[in-house]
Amino acid sequence: MPELPEVETIKRVIEPQIQGRSIENIFIRQPAVIAHPATEEFHSQLIGQIISRMERRGKFLVFLLDSGDRMILHLRMTGCLLLTSADLPEEPHTHLTFQLTGGRQLRYSDTRRFGRFWFLKKGETDTFSGIKKLGKEPFDPEFSSEYLMERLGKRKKSIKECLLEQKVIAGIGNIYSDEILFAARIHPARSASSLTLGEWQRLAAAIPERLSFFIAKNEISAEEYLSSKGKEYRNTPFLQVYGRKGSLCPICGECLQRMVIGGRSSVFCPCCQKL
DNA sequence: CCTACTGTTACGGC
DNA sequence: AGCCGTAACAGTAG
C-alpha cells in the first residue's frame, strides 16, 4: 500500500502517540517479519526500551530509542501500524504486537507478509535494511534537476522505471510515479536519455510538489486513522491518473490510457503526455 | 478459475 | 561491473 506520502502520514499519526513510552512486552506471532537479528534477540533487546521519536527515510520508518538503538520497519505492500488500547479486537494478520506503557499497543498487521523489521544496536552499521542504498529524499535541498540529469541523463530505460528506483530517488512508487509524470507532462515510456532540459526541470519540480500535495491531502486525526484501521487514505479522490484508465483527462478531456511499463501498470494521458 | 496487485530482492544471462 | 528481465515472497479481490 504505502509510498512516501502514506509512510509520512503513518509517521505523523503514530509518533505523537508512542513518544516517551517504553516497550513492556512484545508478542511475536509471525517471526518471518523480523529480518534481523534472530527472533529471540529482537525480543529481548527491545524489552524495556523507551521510544524517543520516529523518522521516515524513503518508504522506511525508523523508531529511535533512548538508548541510541533503533528499530527499522518497511511496510512493503500491505504492512500496517495501528496504535490502540489492548481491548480492541485484533486485525487479521497481526504478526507483531508491542505492549507499551499506559495500556497501549502498537500492532503490526500485514496481509501479504512482505514487510520487514530490523533492530540495530547503537552505532551498529546498517548493512541489512537497505536504507543506506537509498538515493536522495525528494525534499532534500540538494534534490534538483541537475541531480536527476546526472543520475539518469544517460539511462536508456523509461523515465517511469527510473522514478521507481529507490537508489536514485527515495520514496516514489507506482501510484505517484504516474501522478508525477502526468503533472510534468512527460510520457511514462519516454527513454530517460531523451528528456530535454525543460522536462528535467518540470520533473524535478513536480516530484516534491506532488508528494507534498498528497501528504497534505492525507492528513488524518489519530481517531479517524484508528477507526479506518489505517487503511483509508483520503488523497485517493485527488489522484488524477492512477487507477483511472478510461476516464477523461482532467486537463484536456482525452481518454486516459493504460500500458505496462517495466512490468508495472501505468496510466497516462496520450494528449498531455506525448511520446 | 484466472488475473492483477501501491514493493523489493535474488538470480541467471548478457 | 552493471544492466535487464523474471521469479519469488503470500494473500485478497475482481
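Quick reminder: no glycine exception, Cβ is built from N, Cα and C everywhere.
Curation plays no part in TrEMBL annotations; they are all automatic predictions.
Listed in TrEMBL for this protein:
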type: DOMAIN; residues: A:2-115; note: domain 'Formamidopyrimidine-DNA glycosylase catalytic'
type: ACT_SITE; residues: A:PRO2; note: active site, schiff-base intermediate with DNA
type: ACT_SITE; residues: A:GLU3; note: active site, proton donor
type: ACT_SITE; residues: A:LYS59; note: active site, proton donor
type: BINDING; residues: A:HIS93, A:ARG112, A:ARG155; note: DNA binding site
type: DOMAIN; residues: A:240-274; note: domain 'FPG-type'
type: ACT_SITE; residues: A:ARG264; note: active site, proton donor
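Mapped onto three states, the DSSP output places A:LYS59 (active site, proton donor) in coil. When the record's DNA-binding residues A:HIS93, A:ARG112, A:ARG155 are compared pairwise by CA position, the greatest distance found is 40 Å.
Around the Cβ of A:LYS59 (active site, proton donor), the number of neighbouring Cβ atoms within 10 Å comes to 22.
The two recorded residues the residue listed as 'active site, schiff-base intermediate with DNA' and A:LYS59 (active site, proton donor) have their Cα atoms spaced 7 Å from each other. Here the C-alpha separation of A:ARG264 (active site, proton donor) and A:GLU3 (active site, proton donor) works out to 15 Å. Shown in sequence order, A:LYS59, A:GLY171, A:ILE172, A:GLY173, A:ASN174, A:ILE175, A:TYR176 are the residues of the chain, 6+ apart in sequence, with a C-beta less than 8 angstroms from the C-beta of A:GLU3 (active site, proton donor). Mapped onto three states, the DSSP output places A:HIS93 (DNA binding site) in coil.
Here the domain 'Formamidopyrimidine-DNA glycosylase catalytic' (A:2-115) returns a mean pLDDT of 94 for the predicted model.
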